[in-house]
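J.: This structure is in structure tokens; I'll ask about it shortly.
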Amino acid sequence: MTQHNMQVRGIHKGFGAFQALDGVSLDVEAGELVCLLGPSGCGKTTLLRCIAGLEKQDRGSIVIGSRDVSNLPPQARDYGILFQSYALFPNLSVAQNIAYGLSGDSREVVRARVSEMLELVGLLGSEKKYPGQLSGGQQQRVALARALAPKPSLLLLDEPMSALDARVREHLCGELRQLQKNLGVTTLMVTHNQDEAMLMADRIAVMNQGHVEQYATPQQIYNQPATPFVAEFVGQGNWLPFACGQDGSARVGGLQVQLPQAKALQQGRLFCRPEAVVINPHEGIDNQFHAQMRDVTFLGNRCRMNFELTDLPGLTLQAELSPEAMPRLASQDIRVALPSSSLQVFA
Amino acid sequence: MTAQPHINLQAPAQRNHVVGKSHAGWADRLFIEGGKGLLLVLLVVAVLLPLLAMLWRGFGGDGGGLGAAYELFSSANFRWLLFNSLSVSTTVALIVVPLAYLFAYALQRTLIAGKGVWRAISLLPLMAPSMLPGIALIYLFGNQGILRGLFADNIYGFWGIVLGEVIYTFPHALMILISALSLADARLFDAASSMGASPWRAFRSITWPGSRQGVFAAFCLVFTLTITDFGVPVVVGGDYQVLALEAYKAVVGQQQFGRGALIGMVLLIPALLSFGVDMWLRRRSRDSMSGRAQVYHPQPSRLRDSVFLGIVILVCAALLLVFGMAIFSSLVKFWPYNLSLVLDHYSFSDLPGGWSAYSNSLILATCSAVFGSLLIFTGAYLMEKTRQNTLTQILRMLSFIPMAVPGLVLGLGYVFFFNLPSNPLSGLYGTLTLLVVCTIAHFLTTAQMTASTALRQLDGEFEAAALSLKMPLAKHYLRVTLPICLPALLDIIRYLFVSAMTTVSAAIFLYSPDSMLAAVAVLNMDDAGNVGGAAAMSTLILLTSAGVSVLLATVSRGLLMRSQAWRQADERNLKPLPTGGASRLAGAA
């Protein structure tokens, strides 16, 4: 499959007074899988529909490969799309569904292509079945085969996993990702589920209120969130308000806190992932405090502990640790460390 | 991630392989804009302009105007007609709605046997022109009727009209109430009985609030149907005159067009009022049923079921008596002196053109059903599934007008619009073509609502998926949409066919000797005293309508069986597929 990159430049789209997209730009490299991640109403689906030509952007351009498709109708844009509902045509068999986009070719070519696609998604032998006779996961694969059959330059996935139950979902995420890698088809996927995005994406664009908050690899999104929104939306975290004294040291309540690097800020918020909190730390770690344990929740492969810093009552913090670490926490009074290397500073 | 393999923004943006595909875009635009344009032309020429012509004629033109209006409305004769119309319509609605409610309740909320049979019998009046009940009443209770002792005076007059209209409007009310009572959430009934509520209390607090809007709608429909119908009054009215009959006589008999237009406008008022209030109520009570509702299955109760079975049997017996009488009288040689059964009345020898009225009606019904259903269904598809714009909004608004306009009023509008010598379309006046146009326009709203309901049940992304696969929209419509919606389409075909066979309200103003229709012939033969011939033609219409309905239902069932593989399987997994919305197809005014 020939690979195409895509450039989205300054897309604006309003619905009446509501600004759904406020100057969104996005580069997708050839063969890459990019996830648009965000809460509902953030504009991710609108962006996908603009790229698909199902909505007309007010301003901005979309280039796929070297073609400017900004003003082309959907039929001329050359993409395949997998909808949340799959939109399989119930009155057509699996083979007829897959052949739906192959109308220009000879019968032999179509038949060969359909078999090829069915083999690709592991459904050989289901040609004559109807979509209603397949399970949800199988339907998704047929819809994917149908979208890919005409060899599109771009694959669009609109919340592809949300109609499936959790157990099937994780398995299919991996399968879909593998398939996409093997074919090397440039792919843009919309999801509100961060696990799916983490599992599948080369890069994630976290969206909020019509713009892209951060566009980076999953590791960067998680470990170095660019904005408070990204930090809060992806994963769990603790927030600590701080103020800087005259001497440049930061104080959280009555506590002196070491920052990762000096910041020219009067005040701000510190962000720390629960798993970065160290319980009963050894001497070499900075930012050690006394704390009171409040409760512990057992989550199977890990435990979540709620605690308060002794000198900062009223602010409940979270730590995650392995269950083996639990028995050692005999008393209410513990020592914790929020290592400066794990702190993020936001204004 | 920073390496960018082959980006070349400077390269010419558009390439040649777009050209081949712009062809598909062009065909799509023709399909979408052409289809919408055709519908717009139909709605403007066949609905909007005739109505405006009537208003213009009523307020301006000779015989109309404010002076004439004042003169008409202040006359004692008009007030007498208005009083008669109002009392007949109110009485009919007060009888029909409770009766239809009990009948609908029996079909939807009890476990009586033979529901399909009772339902089929109750729909009989839809299959015949409104004159048929009147004719049957004359043979039953008239001066020489077999049961004439039952009525003190005779059937001609107030009670004759009321009885005839009750029979004629019963299935219309029944359809609305059946659909109002079809929605029931079992969880509410479980909650009520767990709190110790009696069945009567459960009815008052659950069933009645859920169905009273349907009761109101049924009341309005029956009232409007009755006040604008002249088929029954013309047959059994005698000296008891009503407004609808007066409008008909003013235009057809006396050529007093201004007077006809004014009365037409008066008859438009109740229809518009009830339509407006109904729309308002509908908007208010939207989504009162939650998506998680569970289907209610009535518990067995011998007392309740036997009482309701009794009611249902009584109603059906009365209907069968009336329709049996009409069929029987059409076969009697010379009522009441020679009761031998012959087919003499079916020769229609004293009808100009004889059987051609019947064949004209067949042509009209077939053309209306075929062209109408395709146009209406395709129009609904384009309105539902393509990008919404001002044109779509205009079409939506225009397509609601026919629902609020009684056939009598629409027919009057056609007289004033198409009979104008200066109208380039006046050549159509009196032709079957115009009758087809008028029939499609008259029954458009109900058919279109059925189509829209079916189309809305389809996945909203089907079209987007088809476009991404570069399938032209028209081809997608034929390959996917129509096959899935075929049951609903057949339902619309049946509705248009039967309506075209039975209606006289608009057609009475539009036929010429060459385009005489069966239902109009019934009216004319009855007027000329040939009641046997009128009964025979009514029977023919009844048998044709019923026959075609059964045929289409069989075809529909056959198609459902053939497509069972995907339909049944699909219902387990995805949204239920449209199997047709018979309940909507009642309100043929």
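Quick reminder: no glycine exception, Cβ is built from N, Cα and C everywhere.
Feature table excerpt (TrEMBL):
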DOMAIN    B:82-278  domain 'ABC transmembrane type-1'
DOMAIN    B:358-552  domain 'ABC transmembrane type-1'
TRANSMEM  B:38-59  transmembrane segment
TRANSMEM  B:79-104  transmembrane segment
TRANSMEM  B:116-141  transmembrane segment
TRANSMEM  B:156-178  transmembrane segment
TRANSMEM  B:214-236  transmembrane segment
TRANSMEM  B:256-281  transmembrane segment
TRANSMEM  B:307-335  transmembrane segment
TRANSMEM  B:355-382  transmembrane segment
TRANSMEM  B:394-416  transmembrane segment
TRANSMEM  B:428-447  transmembrane segment
TRANSMEM  B:492-511  transmembrane segment
TRANSMEM  B:531-555  transmembrane segment
J.: Before we move on, state whether the transmembrane segment (B:492-511) and the transmembrane segment (B:307-335) share at least 3 Cβ pairs under 8 Å, counting only pairs 6 or more apart in sequence.
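T.: Between the transmembrane segment (B:307-335) and the transmembrane segment (B:492-511), which are separate recorded stretches, there is no contact, as judged by 3 or more close Cβ pairs.
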J.: Compare B:38-59, B:256-281, B:428-447 by their Cβ pairs under 8 Å to the transmembrane segment (B:394-416) and return the stretch that comes out on top.
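T.: By Cβ pairs under 8 Å, B:38-59 leads among B:38-59, B:256-281, B:428-447.
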J.: In the same chain, which residue numbers or ranges, 6 or more beyond the ends of the transmembrane segment (B:428-447), come under 8 angstroms Cβ to Cβ?
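T.: Non-local partners: 42-43, 45-47, 360, 363-364, 367-368, 371-373, 375-376, 399-403, 405, 407, 410-411, 414, 418-419, 492, 495-496, 499-500, 503, 506-507, 510-512, 514-515, 517, 584-588.
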J.: May I ask for the residues of the chain that lie six or more residues beyond the transmembrane segment (B:38-59) and have a Cβ under 8 Å from a Cβ within it?
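T.: Counting only partners 6 or more residues beyond its ends, the transmembrane segment (B:38-59) has Cβ contacts under 8 Å with 65-66, 69, 257-258, 261-262, 264-265, 375, 379, 382, 391, 394-395, 398-399, 401-402, 405, 409-410, 412-414, 416-418, 420, 425, 437-438, 440-441, 444.
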J.: Under an 8 Å Cβ to Cβ limit, what residues of the same chain, 6 or more beyond the ends of the transmembrane segment (B:307-335), are close to it?
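T.: Distant Cβ neighbours of the transmembrane segment (B:307-335) are 99, 102-103, 105-107, 110, 112-113, 118, 121-122, 124-125, 128, 132-133, 135-137, 139-140, 144, 167, 170, 341-346, 531-532, 535-536, 538-539, 542.
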